[in-house]
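Remarks on the structure that follows.
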Amino acid sequence: MTQTSHAGQPHVKAFINETWLERYGYPIHQDNLLFLWSITVSIFGIGGLVGSSGSRYLTVKYGKYVCLKNLKKCLLCTNLLMITAASVMGCSKMARSFEMILIGRFLCGVSAGLCVPLHHQYLGEVSPKKLRGFANSTASFFWSLGKATGQIAGQRELLGSRSLWPVLMASCGIPALVQLLTLPFFPESPPYLLLHKGDQEGCKKAIRQLWGEGHHQAEIDDIMKEKATMKNTKILSVLELMKEPAFRWQLYMIIILSATVQLSGISAIYFYTFEVLQAAGFDDRMISYMTLSVGLSELLAAVSSIIERLGRKTLVRGGYYIMGSLLAAITVTLSLQDWYFWMPYCSLCLIILFVVVFGIGPAGATISIRAEIFQMSCRPPAFVIGAVLNWVGIFVIGTTFPFIVVSHCPRDMAPPLGSRAGCGTGRRAAGGTIVHLFLPETKGKSIVEITEEFNKLNFKKKCVPATPNHVMEDYTYCTRL
């Protein structure tokens, strides 16, 4: 959705100007046009913030496994919301209303905000432990696929023309329509079938559908163990999670990871690749093809994710160290672009490398870590906190970056909020160092093992087991049943 709006940028701006002229008899001031365009881009983040808050309400209201029971209904509703948003934006030119684009972008954000947390929670339950990280990283792959598809469709030879840009804006409804037609045929979550319905045969059938044929009794035992762990445990609220000392460092990690992603500069690259490449000295006619190369590079990086080979901690730490170095190099090439004719191509290569490193490392690993370091009782509020930070960051960067481009010289553009390159590199280095020092590796570990690692930080010298004795007794009783 972000890339479809970016691809139609010149035509949407021209449409806003034409509509303004028809209504008021004079062209819109350039500052107002820039403001409306920045709001058009960033209002997606406000919609995402509203949607993520709604997903938390559903999870807390219905409970974890009951939420999975209603997952299909929730996703079907969000698909209908996305199709409505696509229809509104597609009809904006016909209705001569640029406000309809704003409304459509907002509704798209609400739909995305509802879907993303449920997607992560669902995948965390239906995936076997050995593939849990890979399954969670598919979210970043499909984000990359959507952006690359939007960039391809947005080429002026396809839907990026003056007459077809409304069709481009409405194309976000196509995936929603596909999911609306296919989702009813997907199997239920195995934990829901076993724990909520008590249907062990149905659980085994769903596991075979999801994981293939084989012996899966160990996975069923893990589900029963989680049931025992969650006995008499309620879903925490956001405030309760923030006050709970047993999850203090998990919460710190969520905040640090979310903030580092937003301060990494990747959102500015996603939203305003056109402006960044324009500042690098490229001709406007070539920039659309260059932005496509950036999107395809990220997609290839997501496909080649090595999250299950290197582990989450290594990818996040190393990724941010490398991204900081690349960002400093991008700032140097932008400042030297008038000295050498080949310097803009160096900027392009560094931008592509920057996106590739993010796609291979922090993108998928961060998503996986969020789903792995919290017990079930506090996953919903933890996802809300992470989502709020992400969506607020998207809105702030999307709103402010166009004005930074206008008011700052090219060498100040690389950091997302106009800071010097040293500050941008320092933030990534600081984030990578904190991850190195305090985040335990989650690859191949159960939630009990991960919690025990965090308890060493949360309770310092105190020895606090992640699974109390009465829980293990409940687990033994359940497995005998």
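Each residue, glycine too, has its Cβ placed from N, Cα and C.
Taken from TrEMBL, the feature domain 'Major facilitator superfamily (MFS) profile' covers 1-443. Sequence annotations record features per position, and here TrEMBL assigns transmembrane segment to 33-50, 251-274, 286-307, 319-336, 342-361, 382-405.
Only pairs six or more apart in sequence are counted, and the transmembrane segment (319-336) with the transmembrane segment (33-50) gives fewer than three Cβ pairs under 8 Å, not enough to call it a contact. For the transmembrane segment (342-361), same-chain residues at least 6 beyond its ends with a Cβ under 8 Å from one of its own Cβ atoms are 140, 144, 264-266, 269, 273, 276-277, 280-282, 290, 293-294, 297-302, 304-306, 315-316, 318-320, 322-323, 326-327, 329-330, 333-334, 336. Mean model confidence for the domain 'Major facilitator superfamily (MFS) profile' (1-443) is a pLDDT of 77.
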